[in-house]
């Protein structure tokens with residue numbers, strides 16, 4: 001929603017200001033299709049050359065993420081705390097063997113089934129189940145456990161933000177591609193140097209549209225999209241850090257409610273449930 005609002009504001013205020021100041025849109029509109037083809041084609045072609053197919057694919061999905069916003073909502077964080085509470089409580093009460101049926105087939109687990117949005121995220125589910133599998137193999141040193149989980153999260157985040165970096169690189173190159181289009185326009189103008197001033201003025205104005213378009217697209221459209229996409233990936237990445245914090249606290253032999261409180265404390269402020277909400281949810285789960 002903010003993407004559409006931002007684009008409307010950019011176009012409305014930039015071109016509205018140009019028109020109100022006495023600018024004529026006919027020169028811009030006449031040159032726009034040709035300059036746009038050169039700049040857009042050059043930028044997209046360079047983008048394809050510079051990136052792997054997986055990054056190209058994730059970049060397309062990234063535009064959708066910018067339109068929708070972060071994946072994880074406040075309720076998802078509450079659900080994650082509840083899920084981790086159930087798993088840590090079961091582990092503390094009955095041991096790691098009691099978790100086998102849940103970590104081997106989470107899609108069929110009575111515990112996991114209560115949290116479908118978490119199960120739908122392959123990495124979140126895998127991070128939880130793999131961490132408990134390490135415990136079943138007697139890998140229970142809290143420092144080594146934290147290091148292993150951190151490496152997994154770092155790898156996942158590096159892959160997630162690759163598309164934002166690729167789009168940012170495109171934004172960095174757009175002003176230069178705009179200059180290329182403008183130079184081609186000047187070359188075309190020089191071949192018509194015998195034309196009257198009013199004709200040459202229109203041709204030079206059309207060439208300058210290339211410079212304008214490259215800078216405009218870079219700093220008003222593409223770069224903000226790249227920046228917002230990185231913000232979203234960073235926000236979504238915080239979800240996995242809660243899994244790490246709760247699990248490491250559990251390995252350090254803290255009771256389940258303390259583990260969950262440690263995780264709750266690191267939830268982003270705008271999505272963080274308060275202590276009493278979490279405590280009430282734990283009482284309900286314990287009574288079930």
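Sequential numbering from 1, following the chain as shown.
Cβ atoms are placed via backbone N, Cα and C, with glycine included.
The transmembrane segment annotation in TrEMBL falls on one of the ranges 127-150, 199-222, 223-246, namely 199-222. Among the ranges 17-36, 37-56, the one that TrEMBL lists as transmembrane segment is 37-56. Nonlocal intrachain contacts for the transmembrane segment (37-56), taken as residues 6+ away from its ends with a CB within less than 8 angstroms of a stretch CB, comprise 162-163, 166, 169-170, 173-174, 177-178, 180-181, 184, 210, 213-214, 217.
Across the range of the domain 'MotA/TolQ/ExbB proton channel' (137-231), the DSSP-based residue counts are 83 helix, 0 strand, 12 coil.
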